[in-house]
């Protein structure tokens, strides 16, 4: 009897596992031949498919290229609209299996956000002019934490679709990304999405587009990305309004790095926009910013997955495999030249290395899993060069890491990916931001760890002042909540810059806020104050002089390094009382009295006391034996004094975990 067990692999490979239990090999060979024929047929079909795509691209002039992006607030339907456009151009088939095609990460699909920039090549045949067009959709992140990907993606585009929810109207992220796209010279096409909703108010959304962005309401295209209604009107508008790329295939190669990711089999895969010239397999590349050299192993387009091509031409957005082993060499916004033909060529403008703005300590929940967790951490960092990773040691939590992120959402996504993809359990300390120390001699130092914060004696001797980072926050709220939101901003040390009433019952508020306040769940408080109707976006606003101090949490006089925090002096009293009261909940009683103190510059600002356990040493005494009773109680009291002087409080690992978990 022949037993055959098989499973489905990707189309490029067909594999079957066969066991023959002592019988004739002839049936096995016949099955193997069938499989070989099927494999060959699949490969031939794929080669023909690739050849057809390649031939079609070759026939399209650069004047018929259109590179575009989609500007939208979170959950306004950007990924859904991308799916409809891919279906409309025949890249994918309609169906639930092809949902959020350009969101490759699980966390992107679950949260409904885009984290990594992606692209897809599409063909469109204009039935009126009988011409073919090559479209490149560059799907960008919308959140400010991933602004590096956004700006580089916009740099590869000639225009963008400005997506507005017909029910919610213009939101903060829409405004922030509009200004970024507008400042980069992109042609914007307003799209009013979700017109199928009962709450949709199309005229109101059009009014907001006209008043907020000064775009003609007549240019708005009302669509439903969910049902596909009117989506077919978008591509003709793209062709008629968005200009083609201005590249020249005959000039020396100049390519912009839009994004990159790490593939365990081929190394780094880079998403590039060919500005001038062409790129093909075997070409030697030179990085403008690292001066490192690479040899191209493969070039291709995303259709929607990697599809190898012979060449990428000026104007195209595609992928290359450069033989790069270290992902940290792939710098977003870097320019690549052909080695030997780069003399007198200037790198493309706008390159800026992403700077981490939120730092946390990370420790394994089980200290014995540090080595395994370290491997997981390094693997994840391979795919995200904007994360900084350094090992550190805590007296309280043991071995761990100091991680730097672009923002609080970035940190949250990283933690979620670590837990979901590797099953890791991790503890994050309270987030801190990069503070700046300005010394009396004019030199500066940036600190990202509370342990590096100078003591009172050091500050008095050679430090002139301290500075903290600020951000420009943009909020859109219903006008009925304006009072409570302004109070929230002022309580978080905000400085009002601008207030604009939109003509639809919405208010646009612009505040300067300390970044430290923003990462402490400011958005959660904003949502709570407005019953979920507020939206928020922000951008860097530089450093301002500030009265910053370090608060230590001490148990029996011993500082707990993992619980130290840097904050503004105005927060010390309230935060100190809150911390000592909360930490008291997780400590067990000792045989001696335990003091939990919050200290600033060695001065106690808040205190809680855990009373000592008491053993009844008089239980066997006769009621009338008063002198003996006093003697035993005095001896017990003296013993507890000695224990308090020499004893050390043992704090369970679980106490730190519980306290920090509540601080998240």
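Glycine too: its Cβ is placed from the backbone N, Cα and C atoms.
Here the Cβ of residue 72 (GTP binding site) has 26 other Cβ atoms within 10 Å, regardless of which shown protein chain they belong to. In three-state terms derived from DSSP, residue 72 (GTP binding site) belongs to neither a helical nor a strand segment and is classed as coil. Residues annotated as GTP binding site in Swiss-Prot: 72-79, 139-143, 193-196.
Swiss-Prot lists 63-246 with the feature domain 'tr-type G'.
Confidence across the domain 'tr-type G' (63-246), taken as the mean pLDDT and rounded to a whole number, stands at 84. DSSP assigns residue 78 (GTP binding site) to a helix.
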